[in-house]
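So that you can see what the record holds, here are the features copied from Swiss-Prot:
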type: DISULFID; residues: Cys83-Cys98; note: disulfide bond
type: CARBOHYD; residues: Asn84; note: N-linked glycosylation site
type: LIPID; residues: Ser1; note: O-palmitoleoyl serine
Amino acid sequence: SGSCTLRTCWKKMPHFREVGDRLLERFNGASKVMGGNDGKTLIPVGQNIKPPDKQDLIYSDESPDFCLANRKTGSLGTRGRMCNSTAMDISGCDLLCCERGYREESVVFEENCLCRF
């Protein structure tokens, strides 16, 4: 009597944080392009920029200024938003307040902690 070994292989998705980090890296390195005359070629806008490959993110139009309210784009702007003065990401005051400055305010929250002694 013979025996068979069954082996199953599959691809596993990376952790969500890793996917986000990779996308952010590509977003930060995105290249502005315009279409070539042949309708197939993408030409980088600017000097000393390498042509994009299949892994690069590209764009053809500049993003609107989300710092200011704009009915056309649906942006409410960032004026009056709460920010984190110690954060270095998009929730940080330096980025969110668009270099307009900000006012610091201390807020104290009281809540039941459901502690047991």
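In case you wondered, yes, glycine gets a Cβ from its N, Cα and C as well.
Bear in mind that the values here come from a model prediction, so they are computed numbers and not experimental data.
Sequence-distant contacts of Cys83 (disulfide bond), defined as residues of its own chain at least six apart whose C-beta falls under 8 angstroms from its C-beta, comprise Ser91, Gly92, Cys93, Leu96, Cys97, Tyr102. On a Cα basis, Cys98 (disulfide bond) lies 13 Å away from Asn84 (N-linked glycosylation site).
Cys98 (disulfide bond): 16 other CB atoms within 10 A of its CB, across all protein chains. In the structure as shown, the Cβ atom of Asn84 (N-linked glycosylation site) sits within 10 Å of 12 other Cβ atoms.
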